[in-house]
Amino acid sequence: MTTSGKENFRLKSYKNKSLNPDEMRRRREEEGLQLRKQKREEQLFKRRNVATAEEEAEEEVMSDGGFHEAQMNNMEMTSSAVITSDMIEMIFSNSPEQQLSATQKFRKLLSKEPNPPIDEVISTPGVVARFVEFLKRKENCTLQFEAAWVLTNIASGNSLQTRIVIQAGAVPIFIELLSSEFEDVQEQAVWALGNIAGDSTMCRDYVLDCNILPPLLQLLSKQNRITMTRNAVWALSNLCRGKNPPPDFAKVSPCLSVLSWLLFVNDTDVLADACWALSYLSDGPNDKIQAVIDAGVCRRLVELLMHNDYKVVSPALRAVGNIVTGDDIQTQVILNCSALQSLLHLLSSPKESIKKEACWTISNITAGNRAQIQTVIDAHIFPALINILQTAEFRTRKEAAWAITNATSGGSAEQIKYLVELGCIKPLCDLLTVMDSKIVQVALSGLENILRLGEQESKRSGAGINPYCALIEEAYGLDKIEFLQSHENQEIYQKAFDLIEHYFGTEDEDSSIAPQVDLSQQQYIFQQCEAPMEGFQL
């Protein structure tokens, strides 16, 4: 994750060997993966083109009371009556007028909210293939457009429904239509391709293998109407999305130069999807991060952290956070863009997910070198982190704990003392009773780093007393560490025992505290302790 020289330096300089550099600088794991699987409010992977208000009014204002009657008819209509024999007959006729009329009827059916009859349409023999055939009618752009709209809405359905469109051979034709002379046809084609690519990594890779990127980037490079640009950059973000497996970077990286100027388009939707695309491209090993940095997007991404719409802030923050999972040099690029002031601002966001993501980003900066930890100190970020550690939701507190423990692991004596003076000990002690084993370990590591410094200071001064032991006891930390000796996690109970033995032991220590050893099982046997009064906290 870092260059070999850097890694050797880090391994020597980190006082806490239980959190190695790879662990400290964390890629998005566990919770992040779950977040990615969810359909975020800010981002839709599939979209249906619905009928306009004018068209619906046109259809529904019939005779006296026609609007109410149409509503009742829609509610009562059975699936068997949705597609009439006339529609099927017309679509297979040789008359262009009848073909267009029938295609429009299908399109209106599939544009209805909330449950379009996609299954009825795809189960009608030959209909999907007929619409794909209509895509080829260059002499009739209206028919092309209507057929593309129908197929877009079929592809907005579930994976099986999307696969029907792929199997009918629509994708290569849609890619050809990106170069159509007619903007409406181009836009509908890009919408369809975005839906198909957004279905799954398999569909995404198939669309990429059909060589969508050159014509899509060509389309984006033109001065288009804004709806076209929105659809195209949304489709592009779907082509970059996905982790298992990620897209072939060689196939998607050519879009970086286009994304770099899309970040300056004055449209919230375009900015949001461009940032999502960059967040996907930067989510990976350092060579991918470097390609994103080389595209020159970092300064603009940092600027967008202060955008007034969370729809933009969220993916911009995700991209910035991914970049600082790289090595120290890559992290420094973000720091050189004055990111810390923006991150400090985001730590007070009313949106919890933004606070959490900002803490995660900072935790990867504090996993850097001492100069980088100092820039975080100079930006007055740690007081806000300690406040979060005491008051925020648990998922956010976890990230703040990583940020503080990372700083105690790689920081200098002065930097660690600064954190102690800010009051980091009590909130770290409070984390010792949570149910999340990993965070208990993180808190223990932070406290161990502080205790180790206290021991060094006491030896240097000749006082013989570790000043931080008393602070931990005052925060009820010792009681909690003692309780952890009966923890089910072996690393936790071993660490708890070691801390007590090394830093809190006395010559007349009660021998009953020390665990017995089960030689047959190669493990310690701990006596059951009563839980502290406050119990486990989440």
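Here, residue 1 is simply the first one shown, and the rest follow in order.
Backbone N, Cα and C atoms are what each Cβ position is placed from, and that goes for glycine too.
According to Swiss-Prot, the feature compositional bias 'Basic and acidic residues' maps to 20-38.
Annotation comment: Swiss-Prot describes 1-57 as domain 'IBB', evidence class sequence analysis.
The annotation region 'Disordered' is assigned in Swiss-Prot to 1-38.
As annotated by Swiss-Prot, region 'NLS binding site (major)' applies to 149-241.
Residues or ranges marked as region 'Binding to RAG1' in Swiss-Prot: 245-437.
The region 'NLS binding site (minor)' annotation in Swiss-Prot covers 318-406.
Per Swiss-Prot, repeat 'ARM 1' is recorded for 77-117. Listed by sequence, the residues of this chain that lie at least six past the ends of the repeat 'ARM 1' (77-117) yet keep a Cβ under 8 A from its Cβ atoms are 48-51, 55, 59, 124, 126-127, 130-131, 134, 140, 142-143, 146-147, 149-150, 153-154, 157.
Computed over the repeat 'ARM 2' (118-161), the whole-number mean pLDDT of the model equals 96. The repeat 'ARM 2' annotation in Swiss-Prot covers 118-161.
Summarising the annotation, Swiss-Prot assigns repeat 'ARM 3' to 162-206.
The annotation repeat 'ARM 4' is assigned in Swiss-Prot to 207-245.
For 246-290, the entry in Swiss-Prot reads repeat 'ARM 5'.
Look at Swiss-Prot and you will find 291-330 tagged as repeat 'ARM 6'.
The repeat 'ARM 7' feature in Swiss-Prot is assigned to 331-372. Through the fold, the repeat 'ARM 7' (331-372) approaches residues 10, 13, 21, 24-26, 28, 293, 298-299, 301-302, 305-306, 310, 313-314, 317-318, 320-321, 323-325, 379-381, 384-385, 388, 392-393, 395-396, 399-400, 402-404, 406-407, 409-412, 415 of its own chain, all at least 6 residues removed from its boundaries and within a Cβ separation under 8 Å.
Same-chain residues lying 6 or more positions outside the repeat 'ARM 8' (373-412) and placing a CB less than 8 Å from one of its CB atoms are 10, 13-16, 19, 24, 26, 31, 335, 340-341, 343-344, 347-348, 352, 355-357, 359-360, 362-363, 365-367, 418-419, 422-424, 426-428, 430-431, 434, 436, 439, 442-443, 445-446, 449-450, 538. Annotation source Swiss-Prot lists repeat 'ARM 8' at 373-412.
Among the features that Swiss-Prot reports, repeat 'ARM 9' is placed at 413-457.
Residues or ranges marked as repeat 'ARM 10' by Swiss-Prot: 460-504. Across the repeat 'ARM 10' (460-504), DSSP classifies residues as 35 helix, 0 strand, 10 coil.
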